[in-house]
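Asker: Quick one: this structure, given as structure tokens, is what I'll be asking you about.
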Amino acid sequence: MLLLFFLGNITSFLVFLAPVPTFYTIYKRKSAEGFQSIPYVVALSSAMLLIYYGFLKTNAYLIISINAFGIAIELTYLMLYMIYASRKQKCFTMKLLLLLNIGAYGLIFVLTFSLLKGSNRVNAVGWICAVYNVAVFAAPLSIMRRVIKTKSVEYMPVTLSMFLISCATMWFFYGFLVNDYFIALPNVLGLLFGIAQIILYFMYKDGSNKDVELEKEMQKMEEATTDNENKEKIKAIP
């Protein structure tokens, strides 16, 4: 169980850090165009619910520790996203945060804390977490649809998909061994979505490489045109 505790923390830690290359790309471009905030808002909501669930359970140190880190890292991602997002993207993200992270979470907390007690409260929050975790694993569907539509995996980092598979596997076994099926069952779906993303990556990765090569060729042509124009200007100087 101790080994599973450390492996669960490590894989979850890597999943939370997997979007770092995405945000490095956003930082380099100084623009969040083409990227969506939905996965990060949903992941933040999930971490908030799971940490609440962890405090209600007994000895749920793994759930509490990793989701505390998850809240911190998702907030960091969202702040970076808001810096480089367009006005339309910022408005959409703020509405989503108000709806899910403040409105829905606040309502769940107030209702479960005031109307339920003991095991009933734990079970109710557990069911909510299970349903919401399904939504978390379904959040990349929008990115997967974009991959199929554009035939490019530019906006779907393969590292995230690989870490998702590892994390879902670890959390499934954790939930299974401690008889917490609110944790175990949603991760079956997470494993399936992770595998689907890997399949999509290998189906469309060649298209992304061609796009990168085409972009480089276009950049070279633009640079060559600029050089020629500069030379013509120099020649025209008496």
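Using the three backbone atoms N, Cα and C, a Cβ is placed for every residue, glycine included.
Annotations per TrEMBL:
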{"type": "REGION", "residues": "218-238", "note": "region 'Disordered'"}
{"type": "TRANSMEM", "residues": "6-26", "note": "transmembrane segment"}
{"type": "TRANSMEM", "residues": "38-55", "note": "transmembrane segment"}
{"type": "TRANSMEM", "residues": "61-84", "note": "transmembrane segment"}
{"type": "TRANSMEM", "residues": "96-116", "note": "transmembrane segment"}
{"type": "TRANSMEM", "residues": "122-143", "note": "transmembrane segment"}
{"type": "TRANSMEM", "residues": "155-177", "note": "transmembrane segment"}
{"type": "TRANSMEM", "residues": "183-204", "note": "transmembrane segment"}
Asker: Where, among 6-26, 38-55, 122-143, 155-177, 183-204, do we find the most CB pairs under 8 A to the transmembrane segment (96-116)?
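Answerer: The stretch I would name here is 38-55.
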Asker: Against which stretches of its own chain does the transmembrane segment (122-143) lie, if we need a Cβ under 8 Å and a gap of at least six residues from its ends?
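Answerer: That would be 36, 38-39, 42-43, 45-46, 49-50, 52-53, 56-57, 108, 112, 116, 155-156, 164, 168, 180-183, 185-187, 189-190, 193, 197.
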Asker: The transmembrane segment (6-26): which same-chain residues, six or more beyond its ends, come within Cβ distance under 8 Å?
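Answerer: Non-local partners: 32, 35, 40, 62, 65-66, 69-70, 73-74, 77, 80-81, 84, 155, 157, 159-160, 163-164, 166-167, 169-171, 174.
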